[in-house]
Amino acid sequence: MVYYGLSLNVGNLSGNIYLNFFLSGVAELVAYVFCFLFLDIAGRKLLLCLSMFLGGIACLATMFPVMYGGEDVEWLIVALSLVGKFGITSAFAVIYVYSAELFPTVMRNSAIGLCSFTARIGGILAPYIGDLGKTVDGDLGIALPLIIFGSLDIVAGLLVLFLPETRNTVLPDTVEDAKNFGKQQQTSKNVYALDHVLAEPKKGENNPAFDVVGEE
C-alpha cells in the first residue's frame, strides 16, 4: 500500500510534476541498487526493518515543514517524500525475498500468492488515501497522505522485529519446521553465549593460548 501510495502521490506534491516523477524514479532505481549490494551483508530482517523505519520517519517528518514552514520550504516536503520513496522501495524489494524464505516449501507458492493478493488490496486503497489530502484545506492536505503512509510503514517495521532472520539459514520444508524456525535461532544464540562464557578462562587460570610451544 505505501509503495503504491507514494508513487501515486507524487502528483500531489508542489513543484514541477515532471521533475518530481523523474526524481521519484531515480530514488527507486537507487533503492534497488542499494538492496542488491547490501541484502546479503545486512540480512533480510535488518534491511527490511531499517528501510521501513526510514521511509516511515521521512513521511511523518513532512508535517513539520507544512506546519512551521512556508512556500520557501516546499522543496523540503518533496525531498522527504523522495527519502520515503527510497525507504519503501528498498522494503518492497526485500519483502518478496524475505517472505519466500519465511514460508515452508510445502506451502510457499500459496503463501506468496496470498501475500500478493493482500498487497493488491493495499494497492486498491492507496489512491483513495492519496486523495484524502484533497479533502483537507490548506497545506496540511499535502502532508496528510504522507503522514498516513508513514504511520503504516513504521507499524509494519515494528512487526518485522518479531520475525526470524533467514540469511545463511536452512529454509523450512514443512509446517513444523516453520514453527520451530525462530525458536531454533534463539536457542542457538543462547547455546553460543553459554558456551562462550564457559570457555572463557577465569581470572588466575592459565590460558592454553599463551603456552609456549615446546615448553615442558
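Quick reminder: no glycine exception, Cβ is built from N, Cα and C everywhere.
Bear in mind that TrEMBL entries carry predicted annotations, made automatically and left uncurated.
The domain 'Major facilitator superfamily (MFS) profile' annotation in TrEMBL covers 1-168.
What TrEMBL lists as transmembrane segment is 17-39 (among others).
Outside the transmembrane segment (46-69), and at least 6 residues removed from its termini, the chain residues within Cβ reach (under 8 Å) are 2, 6, 35, 38-39, 76-77, 80-81, 83-88, 90-91, 94-95, 98, 139-140, 142-143, 146-147, 149-154, 156-157, 160-161, 165. The feature transmembrane segment is assigned by TrEMBL to 46-69 (among others).
According to TrEMBL, the transmembrane segment annotation covers 75-98 (among others).
The annotation transmembrane segment is assigned in TrEMBL to 110-130 (among others).
The transmembrane segment annotation in TrEMBL covers 142-163 (among others).
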Positions on the same chain near the transmembrane segment (75-98), where near means CB under 8 A and six or more residues out: 2-3, 6-7, 9-10, 13-15, 20, 23-24, 27-28, 30-32, 34-35, 39, 44-45, 47-48, 51-56, 58-59, 61-62, 65-66, 69, 112, 142-143, 146, 149-150, 153, 156, 163, 166
For the transmembrane segment (17-39), find every same-chain residue at least 6 residues outside the stretch whose CB is under 8 Å from a CB in it, and list them. 6-7, 10-11, 47, 78, 82-83, 85-87, 89-90, 93-94, 97
